[in-house]
Amino acid sequence: NVFTKQLVMFVAEFVMSIALFAPGWIAVFLFYIRLNGQLQSGKSAIRGGSGGRRTNTDVPTWRTECPDQLPLGWGRKLHRKSREGREKKKRRLEKEWEKIERERMERKRRREERRGEQNDINRV
């Protein structure tokens with residue numbers, strides 16, 4: 001009776017481990033045979049010149065026909081957004097710096113007060 005339960009648990013555990021580890025082993029195997037050169041694509045790569053655009057016949061023409069420069073309004077908007085981001089970051093850093101300075105001055109003031117109290121105690 002105990003042996004049957006153990007056998008059932010062993011089989012269930014074995015099946016679950018296969019289900020969990022099989023995709024990983026398949027990926028490792030495919031990567032290995034690809035590295036060996038046994039797994040190659042039958043479709044040849046279409047390469048453009050250096051710095052040129054690549055042309056692919058599967059891509060619609062409206063996807064490949066884009067201007068070399070952004071429209072004037074877009075460039076201004078992008079520049080403005082980046083400038084606003086820099087200014088916002090600068091203001092945030094200035095606020096953080098002011099907070100750090102206030103905390104530093106407060107610590108210095110407390111330290112001086114403690115020294116003054118110690119001097120008063122020593123005089124007595």
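Each Cβ is built from the backbone N, Cα and C atoms, and glycine gets one as well.
Because TrEMBL annotations are produced automatically, they should be read as predictions rather than curated entries.
As recorded in TrEMBL:
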COMPBIAS  76-92  compositional bias 'Basic residues'
COMPBIAS  93-106  compositional bias 'Basic and acidic residues'
COMPBIAS  113-124  compositional bias 'Basic and acidic residues'
REGION    43-124  region 'Disordered'
TRANSMEM  6-33  transmembrane segment
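According to DSSP, the compositional bias 'Basic and acidic residues' (113-124) comprises 11 helix, 0 strand, 1 coil.
Secondary structure counts, DSSP: the compositional bias 'Basic residues' (76-92) has 17 helix, 0 strand, 0 coil.
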